[in-house]
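What TrEMBL annotates here:
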DOMAIN    2-118  domain 'PLAT'
BINDING   Gly17, Asp79, Asp80  Ca(2+) 1 binding site
BINDING   Asp39  Ca(2+) 2 binding site
SITE      Trp103  site 'Essential for stabilizing binding to COTL1'
DOMAIN    117-673  domain 'Lipoxygenase'
BINDING   His367, His372, His550  Fe cation binding site
Amino acid sequence: MPSYTVTIATGNQWFAGTDDYVYITLVGTEGCSERTLLDKPLYNDFERGAVDSYEVRVGENLGDIVLVKIEKKKYWMQDDWYCKYVTVKTPIGEHVEFPCFRWLVDDKEVVLRDGRAFLPQDDKTSLVKQHRQKELDQRRKTYRWKEWQPGFPMSIDASRHKDLPRDIQFDSEKGVDFILNYSKAIENLCVNRFMNMFQSSWNDFADFEKIFVRIKNTISEYVMEHWKEDFMFGYQFLNGCNPVLISKCTKLPDKFPVTHEMVSVSLERELTLEDEMKAGNVYIVDYEMLEGISPNCTDPSTLQYLAAPICLLYKNARNKVLPIAIQLGQNPDENPIFLPTDGQYDWLLAKIWVRSADFQHHQTVTHLLRTHLMTEVFGIAMFRQLPAVHPVFKLLIPHIRFTIAINTKAREQLICECGIFDKANATGGGGHVQLVQKAMKTLTFRSLCFPDMIKSRGVDSKDDLPTYFYRDDGYRVWETTKNFVSDVVNIYYTSDERVEGDEEIQAFVKDVCSFGMQDFDHCEFPKSVKSRDELIEYLSVVIFTASAQHAAVNFGQYDWCSWIPNAPSTMRKPPPQEKGVADVTMIIESLPDRGRSSWHLGAVWALSQYQENELYLGMYPDEYFIEKPVKAAMEKFTKQLAEISSSIKRRNEGKKLPYYNMSPDKIPNSVAV
């Protein structure tokens, strides 16, 4: 009587093991086995991290094993089980791998295909076609679209983390509890005595040091020491938390009437302002998106304010980018143009207002919308339209890990009505919702393509901006990622016709546009892909957004935002509309109070922390792919990423302001914090 050896691996997560009954059925081209009980309760099989083997006897040879069905039946109480993979050894000694990487909950069953990836047009038998369609039908019932707020990208239909499908939940919900983590951060930073001191102003700038944690030789300490200086202000537009706004200025907008006479003292090349612009030495940052956004009014005891400033920057002869003019609103009739030649505190307060506006734009648009929410859209569409056997599902799944979970938790605790965001941010209380709705009108697919995004702002020349490390490192990570995607795509798609003929990949792309982005006219997301090149670019956008772009705008938050005056989360006095009124007292009374400062500090600390057992770009411990050509492509990708990390490390040696947020060894695979 032929027998098959079945080996099953249980995950290493907490509570991954089970004491429930586990059954298996092998389905082959020549027949199927009987439903076989593999484990009886309390026999200590299927423990966390275990690899267990069993004999499955059959009456006749089953032919090629096509499917494996695993069932879990409850023994005593709910006992979820995480199955990593199943390996079947046939009577002739062949090993067939069946990746799983799923939770079996309650009396659930899963049916697994072998680990080879197949496009839908390559499935020939009705058995595998039916399995493929059944999996997608079930997924579409499980992963449903929902509009959280009008005008937002669509999100998952789940109000709470515990309502999510078990496969996309965090291993431990406690580890991502925002309230717990922020409170813990506040306590660890020894600022808990200030956290409820709302309306209580600091005494002076030095007083902020009471909540500033000094860590020797870090960027945050350097920021604290130099935040008032123009070079530090300008540098952050290149390599700070929000390095995505600076644009080359070839013509001043009418709403920003800066004249040569105003800024001539700041120009170093004996050229007029117009000639400096023609030479490519003038840059602009415009926070027009903040115009009309409602400031936080959740605390009747504290008025809070927002501004929509415009800032003109100049690259001097030493290649430093310096501010030369600031207007704190979009209407020049109501807002004077502040200059470095103005009074010390007028100029400092104008810069602080720009930094506060930058913080609002960074948190809500650059970070929340353009990385978190967009990756969730890609992830939901992937689960709905691509079965586990599809090569693109296998390629993308590591880069969607925990994203839907962290976003659901954020909607539950952070950005919801009366959430943590309301405590310290000027856009809390609904302003952040308005800001996302407004930003959606300029969010296009091409703006997510890194090279296009850089070029559209006119900052693609290394000669013009030699210290724009975000751009330089981003280019390298983008190209390396795109080459890896190309290697994988070309294994399965041997022609453009194969791409056009893949109904599942076409449904995935269409789902993102028509449902995820709600088919907004302005989004310009493709509804189909017609060639390998188009597919490669599309998938590169997904992976880059989830990994490198998120890392670049997330993990530097403590570095750049922990010194409160450099990144005020709110302002408590309106922006000045005349010169000569600012002094230290006015600035201190404008900056966040002690309570809001403490919550802000806890937030940027918590958001800057990597996950325990973080998986960085190029790390693929879960073997969704079993084919050797793909594994070779992964090894090549990992090697190239390591080379980039090494070169960035060499460049940073001896720098007082090292830039490492785009270093692959600091880029997690997915948006998970």
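Glycine residues also receive a Cβ, built from the backbone N, Cα and C atoms like all the rest.
Taking the features listed in TrEMBL, we show where each one sits on the structure.
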residue: Gly17; record: Ca(2+) 1 binding site; Cβ contacts under 8 Å, 6 or more apart: Thr10, Phe46, Glu47, Arg48, Gly49, Ala50, Trp81
residue: Asp79; record: Ca(2+) 1 binding site; Cβ contacts under 8 Å, 6 or more apart: Thr18, Asp19, Asp20
residue: Asp80; record: Ca(2+) 1 binding site; Cβ contacts under 8 Å, 6 or more apart: Phe15, Thr18, Trp103, Leu104, Val105, Arg166
residue: His367; record: Fe cation binding site; Cβ contacts under 8 Å, 6 or more apart: His550, Val553, Asn554
residue: His372; record: Fe cation binding site; Cβ contacts under 8 Å, 6 or more apart: Thr403, Ile406, Asn407, Ala410, His550, Val671
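The Ca(2+) 1 site is defined by Gly17, Asp79, Asp80, and by the 8 Å test on Cβ atoms against their centroid, the other residues of the chain that qualify are Phe15, Ala16, Thr18, Asp19, Asp20, Phe46, Trp81, Tyr82. For the domain 'PLAT' (2-118), residue counts in helix, strand and coil come to 0 helix, 61 strand, 56 coil, using DSSP. Residues Thr366, Leu368, Arg370, Thr371, Thr375, Gln549, Val553, Asn554, Val671 surround the recorded Fe cation site, their Cβ atoms falling within 8 Å of the Cβ centroid of His367, His372, His550, which are themselves excluded.
Per-site Cβ counts within 10 Å over the recorded positions Trp103, His550 peak at His550.
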